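Input: a single structure, listed below in structure tokens.
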Amino acid sequence: MNQKIFDNNWLVESGDEKDVVLISRIRLARNLKNHHFPNKASIVEKEEIIEQLQNNLSFLESENFHFFKMEEFSALERDVLQEKNLISKCHSENIEGKALILNNKLHLSTMINEEDHLRIQVFGSGLDFSTIWQVADQFDDQIESEVEYAFSNKWGYLTSCPTNVGTALRASVMCHLPALVLSERINEVLGAVGKFGLTVRGVSGEGSGSAGELFQISNQITLGYTEKEIIDNLKSIILQIIREERRSRLYLVNKNYDKLKDNVLRSLGILKYAHRLKENEALNFLSKVKFGLDSGLIEEDINKNIFSELIFKIRTAHLQLNNYNSQEELDIKRAELIRNSL
Amino acid sequence: MLCDNCQENDAIVHLTRIINGKKEEIHLCEDCAKKSNKFKLDSFNNISFQSMLSAILNENDSSDSSFMNNNLNNNNCNSCGLNYSEFTKSGEFGCADCYLEFEDELETLFKRIHGNKRHTGKKPANIEAEKEFQAEIDHLKAEMESAVEDERFEDAAEIRDEIHEIKKSMEEDIDESKNI
Ligand SMILES: [Zn+2]
Ligand SMILES: [Zn+2]
């Protein structure tokens, strides 16, 4: 495929509350009437579903959209798509009978025959649910006007997993919460969100554990509330978390000014001069530098968007696109890429 | 085996966690295990309904087992062949018709997962909502009458409330179409 499309990075666009919220995301699950869900569909039926969508969705002919069978991608390209969150891990494995719709800007993707027939995802920079809901809603309308969905008056959109039934909407944000982690208030603040029907998980880089003090918060309940109610509820809790994070930043900077300034500047120093950097290491130092920039601890004239610009590029598959292969070579190229961006 | 997190030290802690229904094994060294404990990420993950789903489904199976199992739906879905006990193991429906086949069991299940049992959000424009609503109301009315006949007045009151809810969402639909 044309690898130029991978260069697009909507995340560098400015967005609301971006000192804390990096990414907003909306996902809608949809299934076609009169077909088995993917877990019960044969490869032949899955191919029929792909063909039916390809033939019926007239908007796919517009040059804004691209339709791919997953087999068209190399393993490396699938890893890149996964690092960009455009496909899930599951969608990049056992690729027979699976397909993908992408828009030009790469902020809309639709996985075909993942857990459901259609998984529509729209991303936005910063806290931005009004725009991305509109995009997802309209895209859904476009599909709905050409195919018949599995829908019940009583239970809404029918999904393969009962946790998605109803609106089949999952709204989520990726938050950067370094001050809540540093002040060890993270459990207290995030622990409370479960009471509001939301879940939290640490965002991990390679391997496991949370990297870069990034957390993903999303709604769990999909049945019995309207899309607007679900999004408004999530948004109101996120705004509380943003307030707590900012409050902790102020408090920490006032209380431990010299210690923190030393810490973020050392991180900056490492990024500026390191010869080799592992993925998680790079993410953690970049997180510190972002914190330093957002809280005014780093006064040097550095691109404030550095974190958003590099968060995809420094990942392993993205680097491999340029033919760097051994672990050692990758770590060296990663360090070089970061050095040159500072 | 090396630690998944730092890739430097030997892994001594081996964890299995379930995220979004998928099993994931994690191997950590002592340092990284301590750090991940500090953030107690696993306690957040536990909140996830998705990971609790199989627990809910299987609890449904084992608690009051004599009572539940006798009443458990033994039918297979006409379209995909799935039966309810397979569903409780996989946590996945095989097709839209499974929802009809397991209807009686699902009310309780959805109530447990979502705290609700009725959709109030977006509807496809081409759905013939009114007809379906009316059919549902007719069905419930008949059920209510037979409940009254059997002097199951609590059941009858519950069904009456449900009919009321359906009528309400019918009116909301009409309001919405006026707006457009
Ligand atoms: Zn380790
Ligand atoms: Zn079925």
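First residue shown is number 1, and so on along the chain.
Each Cβ is built from the backbone N, Cα and C atoms, and glycine gets one as well.
According to TrEMBL, the features are:
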BINDING   A:23-27, A:R119, A:170-174, A:201-206  ATP binding site
DOMAIN    A:20-248  domain 'Phosphagen kinase C-terminal'
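Among the binding-site residues A:I23, A:I26, A:R170, A:V173, A:G202, the ones whose Cβ sits under 8 Å from a Cβ of chain B are, in sequence order, A:G202.
Every protein chain shown contributes to the tally, and the Cβ of A:I26 (ATP binding site) ends up with 26 other Cβ atoms within 10 Å.
A C-beta separation below 8 Å, combined with a sequence spacing of at least six in one chain, links A:R170 (ATP binding site) to A:I26, A:R27, A:A29, A:N164, A:S218, A:N219, A:T222.
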